[in-house]
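Read through the structure below, which is laid out as structure tokens, and then see the notes.
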Amino acid sequence: MTKYKKIHTVGFVGIGVMGSRMIQNLKGSAELLVYDVDHERAKQVAKDACASAVADMKELSKADTIIMMLPNSNIVDAVVKGSDKGPGLIDILGADAMIIDMSSSTPANTIENAKQCAKKGIHYIDAPVSGGPSGAAAGTLAIMVGGTQADFDHAKPLLDKLGGNVLRIGDIGSGHAVKSLNNLLGATVLAATAEIFAAGEKFGLDPKIMQQIINTSSGGSFATNLTYPKAVLPKTWDFGFAIGLMNKDIGIAMSLIKSTGVDTVLNRQASEMWTKTMESSGPTSDMTEIVRQIYKRAGL
């Protein structure tokens, strides 16, 4: 029978835009420890979440469960395996503990991290999310889990506090695979939506009326349901998700697709458009910058 430590102490590593909101939904569910390279931010988030901030990752050794919400696979690898800055989770956690990687990581890296953790008796699952900052705050994220059924069953009560739709996709790495493919699809749809709205507005259509009609018709999507009402129509251009992060997910998906041998014409062109937009606007600009640049090229 697979052994697990009971979930009494949860360490949360990475409290950026998403992590800082997610941890608020774990209040009261366990003793919470918060670690981030920005120690002052960690202290503030910990205070809001009734948690304890730790300045050294070694202090996470008493955690039975670790949740990671980090920017990319390289950082995840350093946190898990350690670096010249210090030991990794694999060195400080006890056997039967669990690591939940909720970052947008590369499936291949995820599989390798799980293998290394298994040698130490540490369980490892990938559980990336979709739903953006608003879903993180509301606890309604879609969570895509890769791992064994037993690991999924153990983690699900905790994940249920963070998401409204928690599904096991398959074996380790499958969560990160479907997350990247989903984000590539969403990115392609957003770019296509922007071109359609630009054409409609140039024709003389009211974009607000267009959004109402399209959103309840066959062309409706996440873009028309959330992105446009929140950040495009009011022209705030602030959906709350950096274009650099979107471009990272797109890159993961395109690499995955390349490995399968599938020729994806539309998504490849959209990928190139996103890369050019990020290069011209900077990685920290909002993802809606792609809409703004499409509008600009259309003379709007």
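The backbone N, Cα and C atoms fix where each Cβ goes, glycine too.
Database features, via TrEMBL:
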type	residues	note
DOMAIN	9-170	domain '6-phosphogluconate dehydrogenase NADP-binding'
DOMAIN	173-293	domain '3-hydroxyisobutyrate dehydrogenase-like NAD-binding'
ACT_SITE	K179	active site
Segment confidence, the domain '6-phosphogluconate dehydrogenase NADP-binding' (9-170), expressed as mean pLDDT:
93
List the helix, strand and coil residue totals of the domain '3-hydroxyisobutyrate dehydrogenase-like NAD-binding' (173-293) as derived from DSSP.
90 helix, 2 strand, 29 coil
